[in-house]
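What follows is a short report on a single structure.
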Amino acid sequence: MTLVGNFSPLVLVGDSDRVEAETVGAYLDGWAGHDKVRLATANAIKAILSGAGRLVGRIARGYLPGDPGKLVGVNSDQDQQKSIDVGSHNLFVELLIAAGVASILSEEADLPVAGKADGLVAVAIDPLDGSGNVGLGAPLGTIFSIFPADVEEPFLQPGNRQIAAGYVSYGNSVDLGFSVGEGVIFATLDPVSGQFHITRRNVKLPERTSDLAFNASVQRHLSAGMQAYVNDAFLGKDGPRGRNFNMRWLGAAVGDMHRIMQRGGLFFYVNDSRPGYEKGRLRLVYEANPIAFLAREAGGKATDGSRPILDIVPQTYHERSALVFGVAEELDILGEYFVK
């Protein structure tokens with residue numbers, strides 16, 4: 001008896017045998033019209049989604065073809081690179097160059113990769129966020145920013161010059177969250193058609209939250225203000241906050257972003273007293289910037305603890321930054337602890 005064969009999806013009560021929702025490609029075509037920069041942006045996003053579809057196919061196979069977490073090198077900051085890090089980098093670079101972008105900045109390369117000389121947009125990307133989760137069944141993702149390529153150093157522009165930003169979350173479904181400056185849109189990959197179909201438009205963060213996302217094991221290394229905020233939250237309804245809080249920490253910024261965009265919350269990965277963490281750990285250009293862009297479009301906020309992320313002018317390609325993002329009200333409350 002064959003235990004498994006070609007899978008046909010389980011059909012639930014109320015399921016349709018056809019997906020009628022608009023595709024992301026069709027949405028982008030309508031948004032772009034005949035505008036050259038918008039067309040270039042749309043083509044770049046389509047290339048990323050094509051890469052995401054191919055990447056998730058490899059993720060789903062786990063260790064069957066080989067070890068995706070095999071160490072193969074280090075990047076410019078001496079972070080260990082896994083086989084799947086390098087493979088996903090090569091995949092997205094190839095597709096983005098074919099899409100006609102001017103240049104690509106990837107976490108896995110020291111310098112930007114040159115693309116089309118007369119390209120109109122530049123793409124900053126973390127090809128595989130959370131690669132420490134490879135092989136564990138925990139969240140992984142791809143996150144990107146698209147900038148106009150009308151300046152000499154497109155990746156050293158402040159985040160408020162982003163044309164578009166987004167992420168793909170590889171979880172129990174393959175979900176896209178993106179914005180072209182007209183609100184946040186969610187879409188899900190249909191493995192049957194190979195297309196991302198829109199599931200929600202104009203996504204907004206709630207006005208209040210009781211969910212926090214941070215690494216509690218480093219609490220003792222945080223600033224006095226941050227420790228006071230955490231302590232007050234953990235006192236729950238018996239403390240000064242007057243309500244109970246939950247904690248979530250997925251170990252991948254994309255995973256936490258996707259959860260917060262749907263359920264609300266406040267994420268913080270800030271600078272602390274540990275060596276190498278003085279300025280935070282996330283990358284400003286291709287992690288903090290796209291998250292901040294999406295948070296703003298959803299009615300939330302993102303700061304480095306004092307400055308809006310989108311106002312910061314990067315000094316280097318792989319500059320690190322502290323990051324706090326999520327529900328605006330809670331971020332404002334946290335800000336009060338920084339000045340106490």
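Using N, Cα and C of the backbone, Cβ positions are placed for all residues, glycine too.
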Of E107, E152, which does Swiss-Prot put in the Mg(2+) 1 site with D126, L128? E107
D126, D129 bind Mg(2+) 2 in Swiss-Prot, but which of E20, E278, E287, E297 does that record place at the same site? E287
Would you kindly give the Cα-Cα distance separating N215 (substrate binding site) and E107 (Mg(2+) 1 binding site), rounded to the nearest Å? 22
If H, G and I count as helix, E and B as strand, and all else as coil, what does DSSP give for D126 (Mg(2+) 1 binding site)? strand
Hey, how far is L128 (Mg(2+) 1 binding site) from N215 (substrate binding site), Cα to Cα, in Å? 20
Quick one: what's DSSP say for N215 (substrate binding site), helix, strand or coil? coil
Alpha-carbon spacing, D129 (Mg(2+) 2 binding site) to N215 (substrate binding site), which is rounded to whole Å: 17
Within 8 Å of the Cβ centroid of E107, D126, L128, the other same-chain residues by Cβ around the recorded Mg(2+) 1 site are D85, S88, H89, S106, E108, I125, P127, D129, S131, T142, I143, Y286
For the Mg(2+) 2 site (D126, D129, E287), what does the 8 A shell look like? I mean other same-chain residues with CB within 8 A of the CB centroid. E107, I125, G130, G141, T142, I143, A253, V254, L282, R283, Y286
